[in-house]
Amino acid sequence: MGKRAGGGATGATTAAVSTSAGAGLEPAAARSGGPRSAAAGLLGALHLVMTLVVAAARAEKEAFVQSESIIEVLRFDDGGLLQTETTLGLSSYQQKSISLYRGNCRPIRFEPPMLDFHEQPVGMPKMEKVYLHNPSSEETITLVSISATTSHFHASFFQNRKILPGGNTSFDVVFLARVVGNVENTLFINTSNHGVFTYQVFGVGVPNPYRLRPFLGARVPVNSSFSPIINIHNPHSEPLQVVEMYSSGGDLHLELPTGQQGGTRKLWEIPPYETKGVMRASFSSREADNHTAFIRIKTNASDSTEFIILPVEVEVTTAPGIYSSTEMLDFGTLRTQDLPKVLNLHLLNSGTKDVPITSVRPTPQNDAITVHFKPITLKASESKYTKVASISFDASKAKKPSQFSGKITVKAKEKSYSKLEIPYQAEVLDGYLGFDHAATLFHIRDSPADPVERPIYLTNTFSFAILIHDVLLPEEAKTMFKVHNFSKPVLILPNESGYIFTLLFMPSTSSMHIDNNILLITNASKFHLPVRVYTGFLDYFVLPPKIEERFIDFGVLSATEASNILFAIINSNPIELAIKSWHIIGDGLSIELVAVERGNRTTIISSLPEFEKSSLSDQSSVTLASGYFAVFRVKLTAKKLEGIHDGAIQITTDYEILTIPVKAVIAVGSLTCFPKHVVLPPSFPGKIVHQSLNIMNSFSQKVKIQQIRSLSEDVRFYYKRLRGNKEDLEPGKKSKIANIYFDPGLQCGDHCYVGLPFLSKSEPKVQPGVAMQEDMWDADWDLHQSLFKGWTGIKENSGHRLSAIFEVNTDLQKNIISKITAELSWPSILSSPRHLKFPLTNTNCSSEEEITLENPADVPVYVQFIPLALYSNPSVFVDKLVSRFNLSKVAKIDLRTLEFQVFRNSAHPLQSSTGFMEGLSRHLILNLILKPGEKKSVKVKFTPVHNRTVSSLIIVRNNLTVMDAVMVQGQGTTENLRVAGKLPGPGSSLRFKITEALLKDCTDSLKLREPNFTLKRTFKVENTGQLQIHIETIEISGYSCEGYGFKVVNCQEFTLSANASRDIIILFTPDFTASRVIRELKFITTSGSEFVFILNASLPYHMLATCAEALPRPNWELALYIIISGIMSALFLLVIGTAYLEAQGIWEPFRRRLSFEASNPPFDVGRPFDLRRIVGISSEGNLNTLSCDPGHSRGFCGAGGSSSRPSAGSHKQCGPSVHPHSSHSNRNSADVENVRAKNSSSTSSRTSAQAASSQSANKTSPLVLDSNTVTQGHTAGRKSKGAKQSQHGSQHHAHSPLEQHPQPPLPPPVPQPQEPQPERLSPAPLAHPSHPERASSARHSSEDSDITSLIEAMDKDFDHHDSPALEVFTEQPPSPLPKSKGKGKPLQRKVKPPKKQEEKEKKGKGKPQEDELKDSLADDDSSSTTTETSNPDTEPLLKEDTEKQKGKQAMPEKHESEMSQVKQKSKKLLNIKKEIPTDVKPSSLELPYTPPLESKQRRNLPSKIPLPTAMTSGSKSRNAQKTKGTSKLVDNRPPALAKFLPNSQELGNTSSSEGEKDSPPPEWDSVPVHKPGSSTDSLYKLSLQTLNADIFLKQRQTSPTPASPSPPAAPCPFVARGSYSSIVNSSSSSDPKIKQPNGSKHKLTKAASLPGKNGNPTFAAVTAGYDKSPGGNGFAKVSSNKTGFSSSLGISHAPVDSDGSDSSGLWSPVSNPSSPDFTPLNSFSAFGNSFNLTGEVFSKLGLSRSCNQASQRSWNEFNSGPSYLWESPATDPSPSWPASSGSPTHTATSVLGNTSGLWSTTPFSSSIWSSNLSSALPFTTPANTLASIGLMGTENSPAPHAPSTSSPADDLGQTYNPWRIWSPTIGRRSSDPWSNSHFPHEN
């Protein structure tokens, strides 16, 4: 109880009225009570409180609060503060009172003496006032407190604490009944001096008229809620409106039952005599304690003194346990005739673990209570209540009041939880309202009748009065009924009857039955008064399968057929009907009663099978109660006559005669099933069998099939109509109407006796049910046993034989029956015998037997053959398995043998979707997938290990029967053979003894006949084994049939059966070389066995010599001797002749060179390096001799190897060498002739040659390209050429390093690193090092004499732009550079009109150099040396050059300005070199060199070919052409050639100034020298060393013997007019794109560096240092024919001489003195020999000042230098060429051309200067002859080594090769004494 202080009212009352409703209630109260303010409502609600407060004010400072057992006295002391006295038990008060006043009269008097409240409804308080009188005249009684021990009574405080003598006071007592029944209590009044006075109070609690009850005893856990619904009953005849509802606050809140926030007034309006839930009291428990609250309800029926106060007491606890959602199961008010009322029990588990609920039962046992409970577990700590049980109360079973209430006991399995008890109660009203049933029963006549009125009387058997408030008619009855004379309400006293109303019935014509209820609304809930209207008619329908229900239609019947039809009659009237009779109308009909039962239409149809069998024919009448039916059978027996038959059935009742028509058509004929008995083949789950069902129609008309059905309930039998089946059966025919199927799997589902799911090892193993797994077979036997047990169970119960009956109905005949029989079987996938017996088998061999499998199922079957040995414990089931499959008993089954292996040759192994793969899955396990019905055979191989009999089992695992087994038995044995009774082996010696007597012919001097020394012996060969032996071959020590003198005569194959024998004859014929011959006789059988016996022959030792002499000699011996002698003699003479010719070939060039050097006047040091002056020294006849083939490059008309090279451009080598470096393959003189012939077609052979060579120079010099090709060329050349040639080559190669474009995709065919590698510094390995000197000297000799004439011719030709041979243009590769690059395919030569080429050039021009650079970069994968794109860094320089060349007229400039420009350029070059790491590819030394003056003049040529740019453009344009796929090839043409062409041609085919515009200077020109280490330094050193090489060169003049086999490199002075420094620069400066494959950056390739370092010949280093100035040889693209040739000049597009000066200074300051490689200026290491160039050499060259940097730069300008400059000292027997590791320079190689150096299979096959096998070399097109023609095409691509064949076409593309001096001339067999063609290609 709430504790409240105050007077007047009890704490309970005060609490109830002092607090307004909770959040949800206040608006509800306001709405229900109408519009009033909250304050007004609160004041009204506190009406009772005010009364109590007033009374409390009169009580003096005292109050009490009471509970059941404790009295707590509250006393007000003087200070007005309420203090709590010691709380005493009730007994202490009584004792104190008794002790004080024993024997005395009471000093105080109560009025009334005791208080009786009489009956009060529960929850409705009543207050009475009690007065206290003090009868004493003296004493003042001081009242301390008042208390009680019950919660039903509450007392207020006293009006006055002190009662004066004779005075009085009063207090109020409130009775608030909580339960129904008597309540009494004693109030204790404590005084200060007079002890304790007692006062008795009484009351009786009666049921609340509103059926409200207090909510007491609720127990909930903390943080849970208690939410009962407040249901209010309206006991009034008027609607009851709930006006207000309040809670005392705290944790109690009021909510709408629906959970909504508000509602309308209707929500709180309760119709009369109805009960409605109006509010939900929600108590939320926040803390553990006993909580008390009150709910006050006010209605519109309440007066000012009537209150409804409901106490709410809730115990909130923290103890874990089970709690109920309600404190009581209140079933409410029930009548005995009501249906049972059901309430649900919801529980909550507040514990920490789940609790199973074990039982829910009523206590005590109560028949009226039924508990529907299933064991359930309450989850721990759930916040929601769980439904545990349903409790139903059946009022009809509650016979006594003790059954109206009790407890429901809930027990949990948790012992620590106490049992939970929930009280229940119900108010049962015993009684009913009686009425006359006939009064509410009405009959509808056929004709309309008058309205009928019937008074309705009701009898009340209840113990209380029944007040009928309203009468309601159902909707369907309102049309015929009305209620009259009902004045509400009507009261019927208990056990009395009374008139209620009159029911008016107005029948309607529509005959309908009404069976409904009139609703009576009373104070005892609602009553249903049944009212029924009936017609008395019967309902009937014909039972299925007939479609027509209203008449009996037999359809078409055969004349002999009798048919039955059932029909039912139903009495749906509310009265019973008597069927008096039934009879038939018509012939052949009969009727009988089948059944009479209660039910409706559904019941009848469901019982149809029973009705068809039953019969009640003995009855003639029957009475049908309401809701009953009768079933009749009508039988028609057809007559023989055909026709329509009509009849009827009549059924008579009191109300009607029911007539049912009958129809039939009778036809003659019959239908029969065929076959009558269908026997289906055996099947099993997984196999569906079927058979067709046919019907024979003997009627004379079509018969229509109406129905096919199975009369059995077995779902495994079913039928399917086929698409082709017709509905009509043709007369006189047998028709197939359906297929009857039997599917055994339909009934067993997942539990069939065969068939399991199969899981492959890749599938997850989690699968419900039993399944087989691919890789787990140890449980197979258990699975098999369980399945087989199921099968045996079926078989034992005869469940394997099944039958069904199918019925076919047609329109003419019904019930055509066919019996179907099916049989279940145990399947097997084995279709071959289970016992495999192998024949005797040799232990070395195998025998095979076949097992045939067939899948009998309709689903795939997964099969695994597993040897028994693979089971972990086979002994457990082997015996059972043998008996299970009736396998024949054997002595012993080997459980561990693996001698039997199953295999299958399947070309297309299947794989299931699950991952199960056919074939051998692991050791000895064979997997198979059998599709439905598929047959497969597998082979079992028996490979015996021992000579014994082996028996084992092969388990056939499958997911159909799990296991099947095959018994395999085989015997192993060996083949045994004896010869002459001896076993094979070392001891089995078969003796042949030749005695002296047999050799008597040896000593026969007459020798009249051929001596015969053959000994013959016969041996017996026996087969002593069990196997038949087939001897395949007989060998004698490895020779078949005969050998070493032995011979088997009958040596054919033969066969020996067991224990058979055969004779063999062996002959022995000695050769008398040994006295004892021991050999092996080997018999080899078809099974592979070998039997070895020893043949032992002995001869008399002393007769060996004699007999050997007696042997005859062969007749061909003498002839052979003569032939061999002749051949050797001829070969000797041939060698002598060849040696002479070779000596001549070496001596002539050498002599020519000596004469050239002798006639070469000294040069002025101060004058520019002018090649023309040098050339002028030599006669032009030499030039003619050389005929400078188009293949010749421009520096030296031919430097030894160029002549042999196919043309630098075309690279068709005569030799087979395919190496890219072998592109300098030897050219036959035929090539040269072809070239000349083609050249002669143009203006002059020289011009054409020069043009071609320049073109090839352009093309080849581009070819100089690849570091790959270059390096390869170098290595080849290095090996093949002499030192001098190698020097020239090195120059050219030096160019090619510049041209190297890193082409990672094209690795150098030869793994010679392009990067400088110090170890490579050693002399390059020569292809044929034995002749190092020859190659070089050969080249030198040819060069020297022809150079002067050649250069003069070139200069003369320079002025002609006329008609160079069109062949020059034909080289244009149609494909872009990448093609030729990568593929090394010969470029197709297309002759394009100059205009087209010019247009293409213009297109190229349109593209900025940047684009060209991009293009070339794009094309240049690895190291395309010939790409025309300029290095981005050098582009400005190039552009500058091109601009100058385009805009300027060729004005002669002073050499000083040229020198300064050269210096500037070289400086720029140096910077660029530092910035851009590139692979320095020396361009071919064939680049023409043009002095600056001449180059400027050339720029002014009408063809606009500024020579410097022309060169670069030539080389570059060539690249550009290939890169872009345009005809820019023309740009690659040497300017000189351009001179001979028309302007258009110049533009198209030569690099005119416009061409140069299009094509930025060659990348090698513009690219700074790539430094491997410090390339600039090394080049600088090289230049210094070259300057210091004077003495060496002098020696070279006198001693021309080359020390290096490397190809004679044309001296740079003669290199295509390129200055030496330009060569150096070109080699050292590399294309921006040229990256060393090893990725070294900003380093000159060592190829360009000193010979000793880069692995390139010094010349290559010089070439690397080659100046790229426009005037310099920049990158003399593979020697251009003339200085004018654009290729050579274009190469000079180096940044060093952007001014276009042709002289880039032979010693361009490429080298950096500060570089570590720096050497003194004048020291030059030529091929490993250092020498000083400043001496005689430079005095001859005309160097006037010491070689400082400027002078070195000016060296570009020196056009000529004696070839001896490049010769290695004779003292070097082997060249010190280091294998060019860094910058293989194809250019050098190309310059050197196809030098057929003795040691290079291809000219320069392994060029000294090229470690890279790139086909890019102009000559290295081995694979692509044309590609090499367009050097640019092959520049980067190491061409596949294809033997390059020389052809005239080659010459077209060849650049003018200074080395052409060495090319074979008409009068010379070969300029290269050791042409490459004579030696196989190195690689």
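Heads up, the Cβ atoms here are built off N, Cα and C, so glycines get one too.
From Ser614, Ser1337, Ser1871, the position flagged in Swiss-Prot as phosphoserine is Ser1871. Looking up Ser1375, Ser1604, Ser1669 in Swiss-Prot for phosphoserine, the annotated residue turns out to be Ser1375. Here the candidates are Asn290, Asn300, Asn600, Asn1794, and Swiss-Prot annotates Asn300 as N-linked glycosylation site. Just one residue in Ser1217, Ser1342, Ser1629 has phosphoserine written against it in Swiss-Prot, and it is Ser1342. Between Ser227, Ser1768, Ser1863, Swiss-Prot assigns phosphoserine to Ser1863; no such entry appears for the others, which is not proof they lack it. In Swiss-Prot, the annotation phosphoserine falls on Ser1322, out of Ser447, Ser1261, Ser1322, Ser1363. Screening Ser18, Ser508, Ser803, Ser1089 against Swiss-Prot annotations picks out Ser803 (annotated as phosphoserine). Asn300 (N-linked glycosylation site) falls outside any helix or strand according to DSSP and counts as coil. Straight-line distance linking the Cα atoms of Asn300 (N-linked glycosylation site) and Ser803 (phosphoserine), rounded to a whole number, equals 79 Å. The Cβ of Ser803 (phosphoserine) lies under 8 Å from the Cβ of Ser712, Lys819, Ile820, Thr821, Ala822, each of which sits 6+ residues away along the same chain. Secondary structure from DSSP puts Ser803 (phosphoserine) in a beta strand. There are 16 other Cβ atoms within 10 Å of the Cβ belonging to Asn300 (N-linked glycosylation site).
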